[in-house]
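Working notes, beginning with the structure itself.
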Amino acid sequence: MAVKKSVGSLKEADLKGKRVFVRVDLNVPLDENFNITDDTRIRAAVPTIKYLMQHGSHVILASHLGRPKGVTPKYSLKPLVPRLSELLGVEVKIANDSIGPEVEKLVAEIPEGGVLLLENVRFYKEEEKNEPEFAKKLASLADLYVNDAFGTAHRAHASTEGVAKYLKPAVAGFLMQKELDYLVGAVANPQKPFAAIVGGSKVSSKIGVIESLLEKVDVLLLGGGMIFTFYKAQGYAVGSSLVEEDKLDLATSLMEKAKAKGVSLLLPTDVVIADKFAADANSKVVPASEIPDGWMGLDIGPDAIKSFGSALDTTKTVIWNGPMGVFEFDKFAAGTEAIAKKLAELSGKGVTTIIGGGDSVAAVEKVGLAEKMSHISTGGGASLELLEGKPLPGVLALDDA
C-alpha cells in the first residue's frame, strides 16, 4: 500500500481559517447511565484535533457510535461532549444532526481553533451504504478532509471513504499514520527474527491472518480456543474443548505450510482444563495429548508459557493478536497475562512489540502494561485486514505522499 499524506505535512498556510472535516473513531463503550467506561479512543483522537486547533482551523468532527438502525437516542454522541471538551481544553459544541441547514449554521459559527461535533453519522443509512449524495453533503461542510478513524478504515462508508472524493487534500491523521507505520511497516519489512502470536477462539476468523503471516514470520505461536482444532487434526483426543470440525484439513495444511516455509510453528505442550465453562470450574493442568472426556481446555499451561517465552526471547519484532485463554475468568487468565508480561519485558530490551487490536488490547490493559508496548492498535477488524495484507478503503481514498 502506498505511503499516504499525513496531517503533519500540512502547515499553517494550509490550515488557518480552513474548515476541516475530521473523521474520528469515538465509538466508546457507555454504561446504562451513559457514562464512558473506557475513553481510550477519545484520547487517541486528541493529537490530531489539537494540531488543527493550534493551526487555526475550524474543526468539524464526525464519528459513529454503535450500530444504530436510524436515529436512536441511546447512540447519540452527546454523552461524549464533556470528556472531549475536557481533553481538548475548549467547549466542544454538538449538532443535533450531521447534515442540513442547522449544521451549516453551526459550522459557520465555529471560531478559529474551535470544535463542532456532528451527531452520529450512522443515524443515516446512507453512511454505511456510502451513498455519493450523502458523502457530498458531508463534504460540502468543509474545505479539506482528515481521516483519523483507523478502526473503521476497513469499511467503505460515506464519512470514511466517500467524502475523500470531494475534498482535497484528503490526509491521514496522526493516529491513522502511526497505525499504518507500525502495522504495514512490521509486516512489510520487520526487524528479524519476527514472531507472531495468534490466539482467539476460532481458527475460521484468523485463517487469513495466519496464512498471510506464514509468508513473513520466523516463529508462529498459537493459543486460545483455536488450538484444539489443530490438536484434533493431529489425532489427539480433545474432550469437550471447542473444535471446528470443518477446519481439520485446513489446520493440517497450515502446519504443513509452516514446515515447508521453515517457520517454527509452536502449539502449547500443555493446557489448563476445566470440567465446565465457568469462572468457578474445577481445573487442572494436563499434557496437550491427554485431555480426558468431559473436560475442556480453557488456557495454555505452565510448560507452554515457558517454551513460548523462550521462543520470544530471540526475537526483534512481535505481533500479538488474540488471547491465549478465557482471560475473563481469573482462573484461566495466566497464559494471556504471561504473554503480556513477556512482551512488556521484551519492549524494555528494544524489541518492537505490536498489539494487533481486539481482545489482546483488553488483556494488556487488564494487567496494566499497555504503556510498555511499542504500539497498541485501536482497530479490531481493520488491524486484522491489514495484517492479512488486504487494502483498506479508508486508507486508499487518501492522497499519496
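Each residue, glycine too, has its Cβ placed from N, Cα and C.
Feature annotation from Swiss-Prot assigns (2R)-3-phosphoglycerate binding site to VAL24, ASP25, ASN27, ARG41, SER63, HIS64, GLY66, ARG67, ARG122, HIS154, ARG155. Annotation for GLY66 ((2R)-3-phosphoglycerate binding site): spatial neighbours ASN27, THR72, LYS74, TYR75, ASN120, ARG122, criterion Cβ-Cβ under 8 Å with sequence separation of six or more. The secondary structure of GLY66 ((2R)-3-phosphoglycerate binding site), as reduced to three states from DSSP, is coil rather than helix or strand.
In the structure as shown, the Cβ atom of PHE327 (ADP binding site) sits within 10 Å of 25 other Cβ atoms. According to Swiss-Prot, the feature ADP binding site maps to GLY200, GLY224, PHE327, an assignment based on similarity to another entry.
As annotated by Swiss-Prot, CDP binding site applies to GLY200, GLY224, GLY322, PHE327, with the evidence given as similarity to another entry.
Around the Cβ of GLU328 (AMP binding site), 14 further Cβ atoms fall within 10 Å across all displayed protein chains. Sequence annotations record features per position, and here Swiss-Prot assigns AMP binding site to LYS202, LYS206, GLY225, GLY297, GLU328.
Counting every protein chain shown, the number of other Cβ atoms lying within 10 Å of the Cβ of LYS206 (AMP binding site) is 22. Taken from Swiss-Prot, the feature ATP binding site applies to LYS206, GLY225, GLY297, GLU328, ASP359, SER360, supported by similarity to another entry.
DSSP classifies ASP359 (ATP binding site) as helix under the three-state reduction. The Mg(2+) binding site feature in Swiss-Prot is assigned to ASP359; the stated evidence is similarity to another entry.
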Greatest CA-CA distance (Å) over the residues GLY200, GLY224, PHE327 that the record ties to ADP?
11
When DSSP is mapped onto helix/strand/coil, what comes out for ARG122 ((2R)-3-phosphoglycerate binding site)?
helix
Highest Cβ count within 10 Å among the binding-site residues ARG155, LYS202, GLY322, SER360: which residue is it?
SER360
Number of Cβ atoms other than its own within 10 Å, given for ASP359 (ATP binding site):
18
Listed binding-site residues among SER63, ARG155, GLY224, GLU328 whose Cα sits within 10 Å of GLY322 (CDP binding site):
GLY224
What does the structure give for the C-alpha distance between ARG155 ((2R)-3-phosphoglycerate binding site) and GLY297 (AMP binding site)? Integer Å is fine.
35
